[in-house]
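S.K.: One structure is given below, represented as structure tokens, and several questions about it will come after.
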């Protein structure tokens with residue numbers, strides 16, 4: 001091989017490499033957006049957002065102070081960040097299709113967390129999202145109210161206010177963290193159960209920020225605070241090894257007075273109808289939260305004269321909470337009654353009230369003798385199996401879906 005042949009080979013090789021680089025750069029320029037784009041929102045120029053291209057629509061809007069609901073934090077699993085992308089969003093992705101009907105797809109409905117911001121866009125969102133705010137709150141208290149449920153109470157920053165409707169929710173943001181269950185402050189009366197189920201052994205290690213939605217237990221006239229009922233999502237005691245504990249619930253159970261928590265909201269759709277129909281509330285477990293918010297709001301703020309009853313299912317007396325609050329409401333308001341059914345009362349409970357599952361008790365003790373159960377409004381929140389059982393029972397009585405309101409936190 002002579003000198004000129006070698007030089008020619010090197011030159012040819014270099015040319016090939018440079019051609020590949022040029023092709024890659026050209027492709028990148030087409031696939032990876034750069035520069036600023038304009039997002040036109042709700043056909044109102046005052047809402048226009050000019051922002052760098054390249055992110056997802058959910059996070060892009062959040063960076064501009066527009067917080068769409070997203071209980072999964074943008075993972076594409078909660079389907080709460082629904083919006084209408086009229087122009088500039090490309091074709092709907094397979095990860096989105098299962099959350100929409102064909103009619104909704106034709107109407108350009110999308111999940112904001114799945115839509116890439118590559119070019120100018122025209123979108124429509126619920127106007128209420130413009131009122132969503134974000135606060136850094138402080139933990140006031142975080143005490144057990146039942147074996148596996150804590151009441152977390154947060155203080156709103158001075159001068160701020162959460163303008164929410166009863167039945168609404170907010171999103172909590174947890175930073176990356178590692179929490180050890182053995183460090184939790186668990187009330188002494190509940191520690192035996194935690195030890196018997198081996199719960200103190202768990203560790204929750206989370207490497208990325210987590211966002212989850214929680215219904216508020218307070219009602220609008222309880223100012224300056226936000227109150228939650230949060231159940232620990234520990235692995236099932238007889239489940240296979242390796243199931244991780246719940247990311248957000250583990251973190252919230254570790255919180256102590258003075259700790260800071262980032263909250264955004266308010267959001268919601270689990271609102272009371274403005275009618276005169278009888279209201280029947282059905283709850284279980286941590287589903288107590290929106291029940292309390294609604295019932296207190298109807299009676300103490302609105303002074304409603306609607307007939308209202310609350311049916312709550314618990315395992316035993318140790319799992320009952322807010323008992324004094326509801327007893328007082330029943331004493332103060334002639335139009336309100338509340339009932340508890342225990343599914344597994346303990347001998348020491350000396351329980352003489354209703355027993356069994358709450359949907360059966362509601363049916364046998366009240367709805368079977370009700371002249372028009374189909375005319376009542378039903379508001380429910382509880383474990384998925386409870387919700388399904390109540391809905392099936394109501395359907396069997398001829399209650400239409402429009403009269404069944406569900407806060408499906410476990411669905």
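Easy rule for this one: first residue shown is 1, then count along the chain.
Note: Cβ is positioned from N, Cα and C throughout, glycine not excepted.
Quick paste from Swiss-Prot:
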- 72, 78, 81, 113: [2Fe-2S] cluster binding site (BINDING)
- 35-129: domain '2Fe-2S ferredoxin-type' (DOMAIN)
- 132-273: domain 'FAD-binding FR-type' (DOMAIN)
- 6-26: transmembrane segment (TRANSMEM)
S.K.: Express the predicted model's confidence over the domain '2Fe-2S ferredoxin-type' (35-129) as a mean pLDDT, rounded to an integer.
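M.R.: Taking every residue of the domain '2Fe-2S ferredoxin-type' (35-129) together, the mean pLDDT is 92.
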S.K.: With DSSP, how much of the domain '2Fe-2S ferredoxin-type' (35-129) is helix, how much strand and how much coil, in residues?
M.R.: 25 helix, 25 strand, 45 coil
S.K.: Cβ within 8 Å of the [2Fe-2S] cluster site centroid (72, 78, 81, 113 excluded): which residues?
M.R.: 58, 69, 70, 71, 73, 74, 75, 76, 77, 79, 80, 111, 112
S.K.: May I have the DSSP-based helix, strand and coil counts for the residues of the domain 'FAD-binding FR-type' (132-273)?
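M.R.: Residue counts for the domain 'FAD-binding FR-type' (132-273) by secondary structure: 23 helix, 56 strand, 63 coil.
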S.K.: Have a look at the binding-site residues (72, 81) and report the one with the fewest Cβ neighbours inside 10 Å.
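M.R.: Among the binding-site residues 72, 81, the sparsest Cβ neighbourhood within 10 Å belongs to 72.
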S.K.: A 10 Å Cβ contact count, applied to the binding-site residues 78, 113: which residue has the minimum?
M.R.: 78
